[in-house]
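Step one of this worksheet: look at the structure below.
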């Protein structure tokens, strides 16, 4: 993608200087705009050509049957798939009756810019029609961070060489035809024309469509209105049909004369509210947007981003590509989560239909760390969504024969939507991952209201799951058998170390928090005996260790297994899951993604520095990174064990996952977790940031090529700025009351009056570990 | 079923004295006739009412897509399903224009008899029509053992009280409407109307239909002709349409006067031969049948069965129900396999569509032991079928990344048709099971032609699979990780003892046989190094042992797992797979079906008597027998460890699986493996028969209630008769040259001149083991 020569490296922009149709779908994902509620892919204004049209509303989905050749008890029979809702982006243009289409005539100039400082997508085109009329077309598109139901487009046409008559057809289109998704299991299902019209309306400059889904029974409304500036002869009328509303704007233009249209869009949906209620909701949002006006929306957008970058920016000296990539990453994370408001943060955000629009453990494990330290309110919202699906999770636990709650591996509405249980139902760790995110959020914010209203119940119900999933054996060990850890190239194993350590944390946190809020706990049915049973299970949890090799096995039997034959595996055979059957992957030592290494990050307290180094050296040659969820974690631990060049290489992989389309599926949407991984690799890796027991600690260390790293973060109501160079780190408290943090294990007290600077100790590291042949990250050198 | 009061206990018949429509589908399976090539369910002659119409040709199937919610590499995308072919059983009757239908008018008497001594199904009905005409209707149906393409029905009508005009419509019907199969995963798929007509023809008393399947492209021909005896006014004509051929036989009958029709049927199918070739093939078979005539067919059938019972009968004193059941069992095994001729023996024979008509490991492991010792030519045929699908098995092994051949878990045509890989692809033991059947057949027959033509290649290709599936670890152990053993309530385990012991046998047998036939081996690409590698793997195979418990674990981790909570499992929750998710079954100690116990039967040489007793006592309380493939094995080992009453109870369960419909699915067809289990429990269990290293040994012992057990068997060209009482066993060589066998470890020489009698030693046994609550076999007492 961005390595394409048509992209430039800039601090605050993703700029494409020429249009290349072969990567159109990928750029639609890269240039997508969203606010966590509404998402618009970066489709061209005129609708065609497209890679994949896409307009999404968070949690708006259709149901579809999940088929099985041989179904088993507990296999979900119905799945949920995000659907492309009414498209309001379309502004078709006719120039003297020639449709403006980049595939015809001649494109003299075409530039698109994702402006992440202002939160807009800009496009400028200079086009000569087949009959020789040249026009400048420019558009600016935004999805408002401040008005969550609202998007808007400012669209301008100007003839250059001769008078022309232009017609702009501005549309709302439901049930667009979608291209097939192919056989990649990471894609999503395509549901044909799934919206049924309930109301269509057009009048003057405005129009509205209301539809509902056939099976899931959700209702969606979309409305548009236009502010038009053109010559006095400009003529406007609107028409509606069940699936299309069109506003026609016709104007004769002289060279130098412009037609300018601001299109205001509003969306609303509900599973419960009536057609009239949705109708009123969208036209109300629309009128606020019109009242705010285009300039007003732009100003609000900028102000919102001023605040965000003010406490979340990451600055890098020495690597402008990484600088660009991490800002791109933070912007998309913000877009995915900032206005979700108790809706999930899906794996692809609202940028494409990949993974059916589902939310996985990625959110809590990979995305929320960044969110918690940059715009924490959204972390609370995402966890409140988990709380809102507790009933479905409790029902699932009951079906699975367990107590408490068993959160779905993948879902939109809360019900398990996974069709392959060994890599979903058995991946119980998601429950501990949610609990971990809860405790990290509380430690980072001291949000006691959240803790009592939401946090404790999530901790209690997940602890109950663990207590009833594991069992104590004759030797008193608390064992968790037959589960799948993060590494999806192993499954149904006994005592996965990641799972056991995370379950231990979950059980302890539930016990401690329940003791702190005895009344809330009592209301949840928790008594002293139950708390005891959690503590006992946590204390006695079995963590296997391989004495022979001196390493921690990923699971009890892992190191007994044959090592994958990497020598005869060719580069084209990756990702392995597309070329080898699961039975063979599962029974061998080959790691799809960080598993024990992730345990060493999240539960670093359970390993000595020597163990970390030995384990990292053992797992590196086994880890193929066939998942986008791996590089960032490997970067963090590589940095921790002193392998700074390797950490830097992994940072590159995480940061460029989407911009370089490393997994060849960015067409289906960007990888929010991998983007967050770029932040994690920098802040947790090179910044050495950890939060444990409420204490914020740092162990900064830079690779040679990065000469300065500075980042802001919010913690317990304060805003901090940390600046790191090769030799020293300085800590600035930008706002809030004094705070004690740790630098390399030593407390330092921060006040707003002055920064504290500390030297960075010398880093000692062993030999750099190797990766499977051909699977080393691309060696990164300063540009 | 047979416990129904309308069934009687007779030595050589299964007699139903009244018709009960609520068990119609079950009796259609019980009363099915077949010869391994053609199978007719016991549907009523008049076609309706029916439980499930069924006419099957061995290996005649249609393909269907296998769907997946999330497909994995190597998951088969196409399945095979046996289909109901052209029905030639139908003889509709009109009595003065009232259709003869047991649901209308009054059935005065209705009797059906499966005559297993003569190989026919007899039916007699006395019926009064709604308007008061009474007729006797009787039919005798056979599927010829001697003319494999042929079936025939003798049908008679006789008015009792008044003259009537009768019309018989004798039909061939393709694409019958079938009832839905429900959601039981053990049922099969129903493919709507899957035959396309290529030719239909009717002339005089005869007719013919040729169809082909839409996807699998197989061609089937069915032809009929009639021999008619009636009054001179009898009128006959025939008509044909694409899916129906009808011969109308109209006759006025006086009381006491009869209309008798013999309907001759011939079937043929091919995946390659042309329409004219199939046409000629079926009419040729039909003309031989007509030439033989009804009486001739009956005589041939009787002669065939005289020979079969002469060397295969089992006689029991003290339990007439078991006597009846074991003969019923042997008859159905004969029907399933005798004329298969290099086609498979499916799990349901040719008696119903259950399990999609697939063949599993059941054939080699549970059915062939009985076949090998009673009609061994059919065992050779079934194994020659395995040889014929070696190409598909080699292709599958390649897809799975292995050498040699990987036989399909379930198939008709040789391709894997299983849609749930943890309980199919991973169940590699099927390959060793086939190899074991090969060596047992060779040991029991000394068939050196088979050994060189077929046996060695099967042994070599399966040995290659094992060699490439397992791996040697640092301690020199040869380990087989990540496989599923016979017990389907565990999956993807390391070092399943059954699998490892069977693989060991397979590797050794391949090595030994290759050495005996160096030229054949060389032609198969086997060299000395490969033979060495098999021997080394066999010698070093890892067999785990739990020192703490003093038992052999089913697999390496099995005894580390939590024991299933049997106390809170209610009787309605069995079979567990219908009420609990696999993840939970897999990670606990609960055994669906004999696994380690089966290893102790087939590889009894690998365990001491004390280990057998301890292991049996350990696994009995864990084994729920949710599979019909368990009771017989438990009977054999119970007998071996001296638990004779328990063995007798298990014998009852195996023997009555279908007659009592213990698994509630006999409607879909009978369980050939469980029927064979009745023979196995008696001959291998109470007879103590084993074949090992070419030596036939006996260790007979009877439960109190059986006062005498006698059985014939064929071994290395001899026929033997063994008679056992409580105190002694006598061995008779009925035909063939002298033979040395073993009685309780001591050689005895048998010649045709006289029987040898030996005393039975006293049996010592520990306390009787218990089963999970509610899962003990029904205690059997002599009736």
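Using N, Cα and C of the backbone, Cβ positions are placed for all residues, glycine too.
These come from TrEMBL:
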| type | residues | note |
| --- | --- | --- |
| ACT_SITE | A:488 | active site, proton donor |
| BINDING | A:361, A:362, A:592, A:593 | substrate binding site |
| DOMAIN | A:16-270 | domain 'Glycoside hydrolase family 65 N-terminal' |
| DOMAIN | A:327-680 | domain 'Glycoside hydrolase family 65 central catalytic' |
| DOMAIN | A:690-750 | domain 'Glycoside hydrolase family 65 C-terminal' |
| REGION | A:763-783 | region 'Disordered' |
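Taking the features listed in TrEMBL, we show where each one sits on the structure.
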residue: A:361; record: substrate binding site; DSSP class: coil
residue: A:488; record: active site, proton donor; DSSP class: coil
residue: A:592; record: substrate binding site; DSSP class: coil
_Cα-Cα distance maximum in Å, computed over every pair in A:361, A:362, A:592, A:593 that the record assigns to substrate_ = 16
*asked:* Centre the Cβ atoms of A:361, A:362, A:592, A:593, go out 8 Å, and tell me which other residues of that chain have a Cβ in range of the substrate site.
replied: A:360, A:365, A:366, A:486, A:488, A:627, A:629, A:630, A:673
_Neighbourhood of residue A:362 (substrate binding site), C-beta criterion under 8 angstroms, separation at least six_ = A:347, A:629, A:672, A:673
*Around the Cβ of residue A:361 (substrate binding site), the count of other Cβ atoms that are within 10 Å*: 22
*Quick one: average pLDDT across the domain 'Glycoside hydrolase family 65 central catalytic' (A:327-680), no decimals.*
97
_Secondary structure content of the domain 'Glycoside hydrolase family 65 C-terminal' (A:690-750), with strand meaning DSSP E or B_ = 0 helix, 41 strand, 20 coil
*Measure from the CA atom of residue A:488 (active site, proton donor) to the CA atom of residue A:361 (substrate binding site) and give the result in Å, rounded to a whole number.*
13
*Run through the Cβ atoms and count how many others sit within 10 Å of the one on residue A:593 (substrate binding site).*
22
*Cα-Cα separation of residue A:592 (substrate binding site) and residue A:488 (active site, proton donor), in Å?*
6
*Looking only at the region 'Disordered' (A:763-783), what are its DSSP counts of helix, strand and coil residues?*
0 helix, 0 strand, 21 coil
*Round to a whole number and give the Cα-to-Cα distance in Å for the pair residue A:593 (substrate binding site) and the residue listed as 'active site, proton donor'.*
7
